[in-house]
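Q: Quick paste from Swiss-Prot:
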type	residues	note
BINDING	Cys37, Cys40, Cys43, Cys47	[4Fe-4S] cluster 1 binding site
BINDING	Cys69, Cys72, Cys75, Cys79	[4Fe-4S] cluster 2 binding site
BINDING	Cys141, Cys144, Cys147, Cys151	[4Fe-4S] cluster 3 binding site
DOMAIN	28-57	domain '4Fe-4S ferredoxin-type 1'
DOMAIN	58-89	domain '4Fe-4S ferredoxin-type 2'
DOMAIN	132-161	domain '4Fe-4S ferredoxin-type 3'
Amino acid sequence: MKIDASRRGILTGRWRKASNGIRPPWSGDESHFLTHCTRCDACINACENNILQRGAGGYPSVNFKNNECSFCYACAQACPESLFSPRHTRAWDLQFTIGDACLAYQSVECRRCQDSCEPMAIIFRPTLSGIYQPQLNSQLCNGCGACAASCPVSAITAEYLHAH
């Protein structure tokens, strides 16, 4: 009996559209990116901070778990398909959210996200309980992900600000 390997995608969920990941900086419109990306891994291999990995469908996806984006533009320069926007444009429209797992919300003193945030988009304000609570200023945030990388409980997540 011969097995059709192309049909295995139904069992593994690969038939779904390969989206819901954060694409590399300057990758632009997701539908254009997914249509023209050859999944060659050139951008993944060029990433100096190792935040790019193969995501759904083998497309490059950002993972802020261990590091931040330095906006070095190496991923864009490595792409043989010229899919990336010019460096002088905004890298991406990401919105970071501090979730309920945040240690400060659990009455545990922690300010690692603030300490790692170079543009100082995260500040801690006093509360009646005595534990300072984080506030994220999205106007100051550059989307580097340093806060998410430094969070010991992975309470900080990123998503696109606008439909991508």
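Any Cβ shown, glycine's included, is placed from N, Cα and C.
Help me understand the surroundings of these features in the structure.
A: The number of other Cβ atoms within 10 Å of the Cβ belonging to Cys47 ([4Fe-4S] cluster 1 binding site), over all protein chains shown, comes to 21.
With a cut-off of 8 Å between CB atoms and residues at least 6 apart in sequence, the same chain places Glu48, Asn49 near Cys72 ([4Fe-4S] cluster 2 binding site), listed in sequence order. A coil conformation is recorded for Cys72 ([4Fe-4S] cluster 2 binding site) in the three-state DSSP classification, outside any helix or strand.
A C-beta separation below 8 Å, combined with a sequence spacing of at least six in one chain, links Cys141 ([4Fe-4S] cluster 3 binding site) to Leu94, Gln95, Phe96, Pro119, Ala121. Cys141 ([4Fe-4S] cluster 3 binding site) falls within neither a helix nor a strand when secondary structure is assigned with DSSP, and so counts as coil.
Each residue in the domain '4Fe-4S ferredoxin-type 1' (28-57) has a pLDDT score, and their mean in this model is 96.
Beyond its flanks by at least six residues, the domain '4Fe-4S ferredoxin-type 2' (58-89) meets 18, 21-28, 32-34, 36-52, 116, 142-146, 148-149, 154, 158 of its own chain at Cβ-Cβ distances under 8 Å.
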Q: For the domain '4Fe-4S ferredoxin-type 3' (132-161), what does DSSP give as the number of helix, strand and coil residues?
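A: Secondary-structure breakdown of the domain '4Fe-4S ferredoxin-type 3' (132-161): 5 helix, 9 strand, 16 coil.
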Q: If you draw a 10 Å sphere around the Cβ of Cys69 ([4Fe-4S] cluster 2 binding site), how many other Cβ atoms fall inside it, taking every protein chain shown into account?
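A: By my count, 25.
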Q: Measuring Cα to Cα, how many angstrom lie between Cys147 ([4Fe-4S] cluster 3 binding site) and Cys69 ([4Fe-4S] cluster 2 binding site)?
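A: So the Cα of Cys69 ([4Fe-4S] cluster 2 binding site) lies 11 Å away from that of Cys147 ([4Fe-4S] cluster 3 binding site).
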Q: Compared by Cα position, which of the binding-site residues Cys37, Cys40, Cys43, Cys69, Cys75 is the closest one to Cys144 ([4Fe-4S] cluster 3 binding site)?
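A: Closest by Cα distance to Cys144 ([4Fe-4S] cluster 3 binding site) among the binding-site residues Cys37, Cys40, Cys43, Cys69, Cys75: Cys69.
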Q: Out of the binding-site residues listed (Cys69, Cys75, Cys79, Cys151), which are within 10 Å of Cys40 ([4Fe-4S] cluster 1 binding site), Cα to Cα?
A: Cys79
Q: Hey, which of the binding-site residues Cys40, Cys79, Cys144, Cys147 is the loneliest by Cβ count within 10 Å?
A: Cys40
